[in-house]
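K.L.:
Checked Swiss-Prot, it gives:
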MOD_RES   MET1  N-acetylmethionine
MOD_RES   SER11  phosphoserine
MOD_RES   LYS31  N6-succinyllysine
MOD_RES   LYS36  N6-succinyllysine
MOD_RES   LYS46  N6-succinyllysine
MOD_RES   THR51  phosphothreonine
MOD_RES   LYS57  N6-succinyllysine
MOD_RES   LYS84  N6-succinyllysine
MOD_RES   LYS84  N6-acetyllysine
MOD_RES   LYS90  N6-succinyllysine
MOD_RES   SER100  phosphoserine
MOD_RES   LYS121  N6-succinyllysine
Amino acid sequence: MNFSGKYQLQSQENFEPFMKAIGLPEDLIQKGKDIKGVSEIVHEGKKIKLTITYGPKVVRNEFTLGEECELETMTGEKVKAVVKLEGDNKMVTTFKGIKSVTELNGDTITNTMTLGDIVYKRVSKRI
């Protein structure tokens, strides 16, 4: 399945507790909690380009599925990780104790990030 497309955030669960747990400052948490971010994915073969726009903040990551890469996190930190494809509709990676699963079903992308007992879930629809 090809992940290419532009997706806008529709809903999210546990945004504030998760952002606090990863060390995002309170003022940025308050500014960011109501922003309907847009993710753009270009998926060509095993190569993925991901651009996430949250208001004025833009995070860009490029990686090859199954190979170690450097990813920029929501806090601006750079981390080494391997993004793997599970089945044909899930991308999975782990970094700094966070497991991230991005699943595509039709025109809906669900990203679930788990840190300890905090599960942050974002649901975005293709636009």
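Using the three backbone atoms N, Cα and C, a Cβ is placed for every residue, glycine included.
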K.L.:
Among the modified residues SER11, LYS57, LYS84, LYS121, which ones place their C-alpha within 10 angstroms of the C-alpha of LYS36 (N6-succinyllysine)?
P.N.:
SER11
K.L.:
To see if you understand the setup: which same-chain residues, six or more apart in sequence, place their Cβ under 8 Å from that of THR51 (phosphothreonine)?
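P.N.:
Those within reach of THR51 (phosphothreonine), by Cβ under 8 Å and sequence separation of 6 or more, are SER39, GLU40, VAL58, VAL59, ARG60.
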K.L.:
Just to be sure I understand the packing, how many Cβ atoms besides its own are within 10 Å of the Cβ of MET1 (N-acetylmethionine)?
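P.N.:
The Cβ of MET1 (N-acetylmethionine) has 12 Cβ neighbours within 10 Å.
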K.L.:
Near SER11 (phosphoserine), which of the modified residues MET1, LYS31, LYS46, LYS84, LYS90, LYS121 can be found within 10 Å, Cα to Cα?
P.N.:
LYS121
K.L.:
In sequence order, what residues of the same chain, 6+ apart, have a Cβ less than 8 Å from the Cβ of LYS84 (N6-succinyllysine)?
P.N.:
LEU65, GLY66, MET91, VAL92, THR93
K.L.:
Check LYS84 (N6-succinyllysine) against DSSP and tell me helix, strand or coil, would you?
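P.N.:
DSSP call for LYS84 (N6-succinyllysine): strand.
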K.L.:
Round to a whole number and give the Cα-to-Cα distance in Å for the pair LYS90 (N6-succinyllysine) and the residue listed as 'N-acetylmethionine'.
P.N.:
9
K.L.:
Can you give me the Cα-Cα distance between LYS46 (N6-succinyllysine) and LYS31 (N6-succinyllysine) in Å, rounded to a whole number?
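P.N.:
Counting only the Cα atoms, the answer is 35 Å.
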K.L.:
Closest to the residue listed as 'N-acetylmethionine': which of the modified residues LYS31, LYS57, SER100, LYS121, going by Cα position?
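P.N.:
Checking each of LYS31, LYS57, SER100, LYS121 against the residue listed as 'N-acetylmethionine', the shortest Cα distance is to SER100.
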K.L.:
With LYS57 (N6-succinyllysine) as the reference Cα, tell me which of the modified residues LYS31, SER100, LYS121 is the closest one.
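P.N.:
That would be LYS31, nearest by Cα distance.
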K.L.:
What's the CA-CA gap between LYS31 (N6-succinyllysine) and SER100 (phosphoserine) in angstrom, rounded?
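P.N.:
Given the Cα positions, LYS31 (N6-succinyllysine) is 23 Å from SER100 (phosphoserine).
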K.L.:
Count the Cβ atoms, other than its own, that fall within 10 Å of the Cβ of LYS121 (N6-succinyllysine), considering every protein chain shown.
P.N.:
16
